[in-house]
Amino acid sequence: MTPEKTLTLSDFEGQANLPFWDHVEELRKTILRSLLIAAFFSCLAFSFSTYWIDLFKWPAEFPSSFEKGFTERIVNRESVSQEFNLPESFHVLDLKNGKLESSKVVLEPEGSVTYHYFLKKPVFILTHPLDGFLITIKFSILIGLGLSSPFWVWQILTFIAPAFKRNTQKHLVSFFFCSFFCFSLGVFLGFKIILPMGVAYFLSVNESMALSYWSLLSYMDFSIMLLLAAGISFEALAVMLLLVKKGVITHAFFNRWRKLSFLACFILGALLTPPDVLSQVILALILYSFYELAFLYAFLKQRFNF
């Protein structure tokens, strides 16, 4: 009995000479296989939809900022008395030239108040009869697409591979694995760092205005967009490494644009994160470290000619 052969990209080289309608048929099969794979994983994710939804609620329910709290100071710089709203669960540490009135403080000119408070966790609500159903379906599809992405992306690669030379096919495979790793790393760090910081920031802004009753559907959409932005931004490393590998850019290019890229990383950090300085700086430094890593790879590639 002949042992089964493992398929690689090189096995599809013969498809490059297929007639047009055979290409269309191969495309149809590729799309069908990809959809079936994604559908299978989506059904699998649907069985654990409650777990995935609870997991996405974690950044809003258990961030570290709920434990450490915040200390703030308000000073009345005006020439007349002013009233300021205070967040819930506050504890006054120091009060000068002012008086407390329930959850408000009235400060005389040059009066000040220093207080410590803990953020109150948001209450998630469903504002429409279909919200729960839509959240479950949306999450099942997204999680299914994410979990099955290595398989259906590979299907696409095997379809387009015959259009490239053998050496380029190897680069495509390397780019596939590098891209998948970078995107996954971006989503993971976005979930563990950027999203909790963003939630804590918006809660601190809302705290002095009103109670936080958040639509679960809106929160899920916000979280998904933020995580996708983080994942896509991390794709920059894979793209730069591919361009260096193909000789499109060299280490001289990185030297020439270093200052501008440093500024661009901070601009991207501000655009892709909530208006919280710490999360912006963290993402900007990570993006810039990717730039330096690509520069190091370009330098070593030219130095050792590999």
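Glycine is treated like the rest: Cβ placed from N, Cα and C.
According to TrEMBL, the protein has these features:
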- 35-53: transmembrane segment (TRANSMEM)
- 139-160: transmembrane segment (TRANSMEM)
- 172-202: transmembrane segment (TRANSMEM)
- 222-244: transmembrane segment (TRANSMEM)
- 256-275: transmembrane segment (TRANSMEM)
- 281-300: transmembrane segment (TRANSMEM)
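Scored by C-beta pairs under 8 angstroms, the transmembrane segment (281-300) has its highest count with 256-275, from the stretches 35-53, 139-160, 256-275.
Sequence-remote contacts of a segment are chain residues at least 6 beyond its ends whose Cβ falls under 8 Å from one of its Cβ atoms, and for the transmembrane segment (35-53) they are 135-137, 139-141, 143-145, 147-148, 151-152, 155, 220. Listed as Cβ neighbours of the transmembrane segment (222-244) (distance under 8 Å, sequence separation of 6 or more from its ends, same chain) are residues 56, 59, 142, 171, 174-175, 178-179, 181-187, 189-191, 194-195, 198, 250, 268, 272-274, 283, 286-287, 290-291, 293-294, 297-298, 301.
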